Amino acid sequence: MSSLLRGEEMCLAQLFLQSGSAYDCISELGELGLVEFRDLNPSVTAFQRKHVNEIKKCEEMERILVFMYCIITSLAHSLSLSLCLQEQLQRLEVELGEVTRNKEKLQRNLLELTEYTHMLRITRKFVQRTAEVSVSLCNLHPHFFISGLIQRVKIEAFERMLWRVCKGYTILSYAEVEEYLENPDTGEPTKCVVFLISYWGDQIGQKVKKICDCYHCHVYPYPSSNEERNDVVEGLRTRIQDLHTVLNRTEDYLRQVLIKASESVYTWVIQVKKMKAIYYILNLCSFDVTNKCLIAEVWCPVNDIPTLRRRKSGATVPSFVNRIPTSDTPPTLIKTNKFTSGFQNIVDAYGVGSYREVNPAPFTIITFPFLFAVMFGDLGHGVIMAVFAAWMVLCENNRKLKNTRNEIWNTFFEGRYIILMMGLFSIYTGLIYNDCFSKSLNIFGSGWSVKAMGWTKEQWENNRFLTLDPNVTGVFKGPYPLGIDPIWNLASNRLTFLNSYKMKMSVILGIIHMSFGVILSTYNYLKKYNLYLVFLPELLFLLCLFGYLVFMILYKWLAFSAKDSRHAPSILIHFINMFLMQGDGLQPLYPGQTGLQIFLVVIAVLSVPVLLLGKPVYLYWLHNGSHRLGLYRRVRRNSEEELYLMRAHDMEEGSSHSDLSSSGENPTEEFDFADELLHQAIHTIEYCLGCVSNTASYLRLWALSLAHAQLSEVLWAMVMRVGLRMDSTLGVLFLVPVFGLFAVLTVSILLVMEGLSAFLHALRLHWVEFQNKFYGGTGVKFCPFAFSLLPSSFEHDGLL
Amino acid sequence: GTETLTFNVDHGYLEGLVRGMKAGILTSTDYHNLAQCDTLEDMKLHLQSTDYGKLLSSSEEDLTVSLVDSKLRANLVTEFSCLRSNALPPLSTFLDYITYSYMIDNVVMLITGALKQRDVAELLPRCHPLGAFDQMAAVGIARTPTELYSAILVDTPLAPFFQDAVSESNLDEMEAEILRNKLYKAYIESFHSFCKNIGGVTADIMCPVLEFEADRRTFIITVNSFGTELSGADKSALYPSCGKLYPEGLRLLAKAEDHEQVKAVANCYPEYKLIFDDPEPGADFKTLEDRFFEQEVKLNMLAFLQQFHFGVFYSYVKLKEQESRNIVWIAECVTQRQKSKIHNYIPIFPGTH
């Protein structure tokens, strides 16, 4: 509990790791996840560090793993082996690379052969036609043929260029292949066209060949006679069959290799990630003079140092843990569990607490859902919210819910305990407000009796509104045991009554909340004078003015009953008169009121100059006092020169250590009176004005709860009541869609939208009104080196 | 104007995208770190922390400068094709215009390659992928510019630029170079008038950039023509006429015979005077090319100061190209251990972090 309130006590420790076992030690520390390493070579750039090569190797392995992962997923199979990862990986990569290359070659070959057969089949049809044309010509010149396949999209441009370049001295005939052939470069099925060009002369032939190259045609030799054609077709058929069997074999082999590897590819990824992380940490360490062991500096919770020592001594080569004193501010560590972490996140979103600063989170656990519920008070809505959150809490180990990538869902899921608390508190406030979907529950029976008024029949018929008078005996039998009396749900002046109640309640809650914040600030004061010169005037100021307001509200509630309610004074007037110091015309609330009020105002006014001047003047006095003593000390330091020599000596001894001490070196704090005064003046103004504006700010509790209640009432009146008004049997059927609409609107508007708005306002009340009374939030979060915090999935970090 | 009102309807997404990509351009600290590297592996490690990410580390082969170059190029092409495939007219036309200059370079490279009897398959990978087009491989067939036009390039977007370049003379290396300049002249004039027609901020931004580009080519042609048999009339036919030098500067430059005369012409134009100024004795010597690049970078950076125009797309491609040149330069220096020259890159967005 003390850890949650103040954060863990941290210390700076020096680890001496034998260079032989450094890797194992760091790996052990990564499993523990207790320490945060400090960079001891900040001046060295990333690629000049010692273990860059190892990191590069890790990256190389990552690359291979990505490569393998791609192959494996493409085969829809999933890859197992142990250490000496790198060798294995590289061997596997080479093997896989070769096999896939082989496979590709074979497939290409197969494709060519199929294309060739297609071409032969189709050109056969051309031959008859061309034969007729060429018969007359071939006597004059020998004519040649070029035939091949071209992609269908290119055929038009191809034909055009052929015509232009060869000026028509060619004959082109083409036909489409019915089947889709696979494009060897992209792997997509494409439509191809078989063409046959006949031409005369070598010159043109050169050009035609070049054009064919240009359009990436696949050119195949054209058989001159029918017998030759048949031979080729026959030859091709057998070769294709052979290729099919070879391809099948290769695929089988590939599959075997991959299955072997697939079982452990995930563990490999994790191993490589761990390795890389360890080398990154090793890069942060520095070598000692003898180069035999590594020195690392870590932040570590004091309580965990024994654990650390125990684990270290367990390693084969002993390493040492050493606490070193430091003036640097340690990082903040607040240990949380799954319940408190959500609330801690709310606080951290505002600012991570400074080291050992009082942590608002433990109080937030109660106050946050409570203030939320004050604004959200409705029993029905609260139950729905609590049930939803309870379901999430019960299913929190369900992997499907945990690991979704839907960010909106994750936000809700992370905050399931907050939502649960908010729901439960809403049930409570709903009971107090006696609101359930804008209707009141009459559990204990109302404390008001209409019968006792003794109204006649005429009165009933002639008046729209009748007033119940509590002063008539028997009408008011005493307060309702829990919350607001359900009869108010029928009253026409319900809103007036509730407004007055809710407004006063929010002021009371606000002032209690703020005073609590001021009291918490005592935890943060290290010096005693702060208690008298800052805390006390602050508290007096708040309590004398606004605390007294609360007192008046409570006093009025208790002192005036229904009988003398006509004489009940207005608190507002009394409060204003308190500042004006004139209360002559009014009836005092209690004897001695004027005297007490004057006394309180004087104290409040007096505490302002104390707050403003007390601390700076006291510090000034302290400083001047010590200044005189300091003279004596300064004489002993003979010269600056000697100091310089001492420092140079330090530097020789341990370069790493002096590096750090020089950064944090500031032994005597320079005291600047004007500076201090300015700061205190700003603080005073902020605080005094803040007390007024923050009190007003708490009225949002009233406003939001009013809005929520009104909205749910409107929803009932506009939707549900319409459905309930039909009194035929058809009304039952009509009620089904109406209720559907009502349910959807209730969830979407009242639960989600109103919930979010109430959440935001509760957040603001905590961040601004509560935390600015005591919380600095200027710390740095402790981020330990832990393997569990590494992104484990493939998706992160470029892996995939 | 009204185009600012409706600009975002069609092009807002892409402008946002390109501005986001611009934020990934290496800063002076990145260059400083890169210049400290000892091996290409170190450079790879450092580039991982920039927007390039795993670009270099995902390859299996050993790192070489040419691999770095091609990876950077591929990266630019990926980004550009993403922009191009999402673009609507007139932005799509504008983006096409950017690719035309690479097409011209590719065509000329293929012609000179074919003249040297190189294999097309060997030449194709060396073409800039931004300027790739279907008919590219057939360029080697043509013997004269006319043939090149009528047989091969007539279907490509380069066709309109051929109006002045059509001639029957045989293609040799000199002719190829002249062809390049003629095409480029036509291209840049057409691009200039296109930007002018778009008007608005685009014209305000793009016209100075293109005018500078035109003038730079003019200067380069003039300087390169020293010692060749190119006559003044020949030269002035190559000069793009949309620059600030037009018309008086061009006339004078056509007559220029040596460096001093070019300098005299440049002295009349304040923006070019600086470029041709003698370097101060203490400062590093920079080539004329580098000074032009520097000026270009400066102009292109200005494009990002205004919104609702197309200039950012052009400028981004050019700046990214300059960045690739810088990285390749540093990589060259690192592999050849020429540490003294490593700082001769041209910084982009100096002073931004």
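Indices start at 1 and increase along the chain as displayed.
In case you wondered, yes, glycine gets a Cβ from its N, Cα and C as well.
The coiled coil annotation in TrEMBL falls on one of the ranges A:82-116, A:292-326, A:607-641, namely A:82-116. Under the criterion of 3 or more C-beta pairs below 8 Å, with sequence separation of 6 or more, the transmembrane segment (A:370-394) and the transmembrane segment (A:505-526) qualify as touching.
Non-local neighbours of the transmembrane segment (A:505-526) in the same chain are 5-6, 357-358, 360, 363, 367, 371, 374, 534-535, 538-539, 542-543, 546-547, 549-550, 553-554, 691, 694-695, 697-702, 765, 769-774, 776; each lies 6+ residues outside the stretch with a CB under 8 Å from one of its CB atoms. If you average pLDDT over the coiled coil (A:82-116) in this model, you get 76.
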